[in-house]
Structure formats: C-alpha cells, structure tokens
Amino acid sequence: MPHRDQPKTAHVTTRRLLDMKQQGEKISMLTAYDYTMARILDRAGVDVLLVGDSASNVFSGHSTTLPITIEEMIYHAKAVVRGVHDETGRAMVVIDMPFMSYQLSSEEALRNAGKIMKEHECDAVKMEGGHVIVESVKRITDVGIPVMGHLGLMPQSIYKYGSYRVRAQEEQEAEQLLRDAELLEKAGAFAIVLEKIPSALAAQVTASLTIPTIGIGAGVACDGQVLVINDILGLNREFHPRFVRQYVDLNSMIEQVARQYVTDVRGCDFPSSNESY
C-alpha cells in the first residue's frame, strides 16, 4: 500500500537543477514508465524521472520511438507521477513530447504541451531538436511550462539519420550543435540532454551553458547522466550499447523465477498448506 503518511522530502525543481550545476553536484536521471518502478526510483534518490518515448520500444515492442501517441505518453506519465507522490515526492518528473506532437507548428506544440501538463502533475516536457524548434520552446516556456531540450542523436529523427551512430563528429555538425544548445538556452530551456556525441564536444557545450546538460553516451563532463531503466537492469538481452552500464541481469533472473514457478505448479508444490486458506 502507498506510504502516504511518510515524511516527504524537498521536491526537485528546475531551480534545484541549476543550483546542482553551479555547485558541481551531478544530476541522476532514469526513465520510468509505471507506478511501481517510479516508487522504487524515487525512494532510491534518483533526481529526475523521464517518462520517455522509449516506452514505444521497451513497453510496446516497436523498433523506434515514433509510433507512441500523446495519449499513451500521458497514460504512462500519470502512473509515474502517482508513484512519486506515494513515495518521497522528491523526484522531478519530465515527459517526452512524442513524435509529431510539436513539429507541425509552435501553436500545435503549445497546445499539446498544455494538454500534457493539465492531465497530470508532471514538472516539465522534453523536446528533441535545435534551431527548428526554438520558436516552439520559447512559446511554451513563455506560458510557464518548463522545457528540457535534446540534442545530438535524436531518436525521433532516426529515419533521417539512417543509423544510431555517434553524432556531431564532423566539425560542421558539431558547430551547429553548439549553436543549437545556446539557442535553446536563450529560448528558455532549463536543461539539455546530449545523446551520443563526442565527450570533448559535450564538455564544450556544458562549459558554454549556464543550464545543466544531461548526457547519455556523451561522457563524464556533462552535469548529469540519464539511462533507460530497462537497460541498466539487463531486461533486454539483445541490446548492449557501449554507453550502458548493466548493473544486473534481470532478464535471466526473471526467466529463472518463472521456470521455477512453472515447475512448482506442475509438480503440485505450489501452493503449499501455508499458502492456502
């Protein structure tokens, strides 16, 4: 049952993340898609929970993040927010704006960002892109909705890239990424995710901004790090990118438990008299 009477700790805000950057305190961020995991991660002290459009991959089995809808994202976000609320209430909750929920126009972007914020008590939205979305970011932040940016490898643009290789290795793309980061900050973004870019470039971006950077495959110089929870738990045995640190092989553990359960049921070892009424 939820521990609604347990002491609450100070909720992580955009201001707190800025303070953490200034104080040299690293920011921890993980994805969360459901109530139970959100409670566990909040209790563990994770600073930011990202309701990622990666739910399209790890929950629905799609090969890309593109198919997930705004309604599906809101469903996951509501569960995560409830989980944080029923634990310490500390973690910030950020939700990805899914593909084509903000690309058509700044007006459409504002409408959908407002819909997301109104339907659950999340803290911010996250958007992929640089100069092409700056107008939308400014319009959204101007009405009081915090926006986290995302540069480098942008999964919603995977068909444009053609692969998940490291981005901004060439000088022209690296210079554009630097400009985009500065534009996002000026537009009002409170933080920027840097995905799969050279460590030296990530360090340069981090040093050039007053807002925090959160890396995924972008080196240790970023102000924080983010990973997909399923990846660090080893739930996907086919996915082992270089930037992921797998802390446990939960895939094998769950399979072992399930096999033992099947054996116990078939052998009439479960339920025992102690597990019956």
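From the backbone N, Cα and C atoms, a Cβ is placed for every residue, glycine too.
Listed in Swiss-Prot for this protein:
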BINDING   Asp53, Asp96, Glu128  Mg(2+) binding site
BINDING   Asp53, Ser54, Asp96, Lys126  3-methyl-2-oxobutanoate binding site
ACT_SITE  Glu195  active site, proton acceptor
Between Glu128 (Mg(2+) binding site) and the residue listed as 'active site, proton acceptor': CA-CA distance (Å): 11
Residues that sit under 8 angstroms from Asp53 (Mg(2+) binding site) by C-beta distance, when 6+ apart in the chain: Thr65, Ile68, Met73, Asp96, Pro98, Phe99, Pro155, Gln156
Cα separation, Glu128 (Mg(2+) binding site) to Ser54 (3-methyl-2-oxobutanoate binding site) (Å, whole number): 13
Neighbour-count leader, CB within 10 A, recorded positions: Asp96, Glu128, Glu195: Asp96
Cβ-centroid neighbourhood (8 Å) of the Mg(2+) site, Asp53, Asp96, Glu128 excluded: Gly52, Ser54, Thr65, Met97, Pro98, Phe99, Lys126, Met127, His150, Pro155, Gln156
